[in-house]
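Take a look at the structure below.
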Amino acid sequence: MIKLLFMGTPQFSATVLKGLLDNPAYEILGVVTQPDRAVGRKKDIKVTPVKQLALEHGISIYQPEKLSGSQELIEIMGLGADGIITAAFGQFLPTILLDSVSFAINVHASLLPKYRGGAPIHYAIMNGDKEAGVTIMEMIKEMDAGDMVAKASTPILETDNVGTLFEKLAIIGRDLLLDSLPAYLSGELKPIPQDHSQATFSPNISPEQEKLDWTMFNQEVFNHIRGMNPWPVAHTFLEGQRLKIYEAQLAEGEGLPGQVIVKTKKSLVIATGQGALSLIVVQPAGKPKMSIIDFLNGIGRKLEVGDIIGR
């Protein structure tokens, strides 16, 4: 039985971890995940999906704010793991830790060398890519630059957003890891170096990127909304208040960027740099997420054709 240390945080990671837990060839000695966070207006404490799964299986849990130089680092190095598996962990691994095990493998949600970094799925959708994928790669000190063990891809549909694509890629990543790991560990599967000259990067989404630019073409704004749903969520401004936009549809029409060009009891169409978008699901400041119909019956009832949002 191969003894593993698992490191990850979101549901993507938990899906991969569950695959390893269900496989009798592997024993998970411990998991390392991000610390619990206070979320929402009530500041409720939320544990990570990886921690929740580890609790259910009685696995030792380590949650350092920063792994390097921590007491937790000393403890996990003493577990005697054969190898490390990471998936969307969110921290760099110290070289001393990588050197302490026989192998260290990362499950990365992009077709490397494209989209190294923390937000590959967001950028794949925002950039209008036709496919996304997962790469199983060896871990080295440089971010997502290790040799590639295996790859798998899937189409990005017009109906996909970050949430749906995360779910698809988590399953693909789980299966790809379980399929390729035995051959990799036996030496039958030889890793392939990345072409570093082709590397692109997907840094974590900044607050500035969440704001919609209505001067962009409608397809670009549409992709941007999908690439922010369900987190961190794209927004615009209405009378100085933030209006989050979760869903929209491509529409026809002309007008100034951000201008209301159609308003009925059931629809609100906003002009972009070319074409337009029909808003479907929004969230006004201080309110719950709602359909555009509910919005137009409430806060949005004051909007008129010709008004401009986003200022």
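Glycine residues also receive a Cβ, built from the backbone N, Cα and C atoms like all the rest.
Annotated in Swiss-Prot:
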type    : residues                       : note
BINDING : Ser110, Leu111, Leu112, Pro113 : (6S)-5,6,7,8-tetrahydrofolate binding site
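In sequence order, Thr135, Met137, Asp144, Met148, Lys151, Gln194, Ala199 are the residues near Leu112 ((6S)-5,6,7,8-tetrahydrofolate binding site), counting only same-chain partners six or more apart with C-beta under 8 A. Cβ-based neighbour count (10 Å, all protein chains) for Ser110 ((6S)-5,6,7,8-tetrahydrofolate binding site) stands at 25. Sequence-distant neighbours of Leu111 ((6S)-5,6,7,8-tetrahydrofolate binding site) (same chain, six or more apart, CB under 8 Å from its CB) are Glu131, Ala132, Gly133, Val134, Thr135, Lys151, Ser153, listed in sequence order. Each of His108, Lys114, Tyr115, Arg116, Pro120, Gly133, Thr135, Asp144, Lys151, Gln194 belongs to the same chain as Ser110, Leu111, Leu112, Pro113, is absent from that list, and has a C-beta within 8 angstroms of the C-beta centroid marking the (6S)-5,6,7,8-tetrahydrofolate site.
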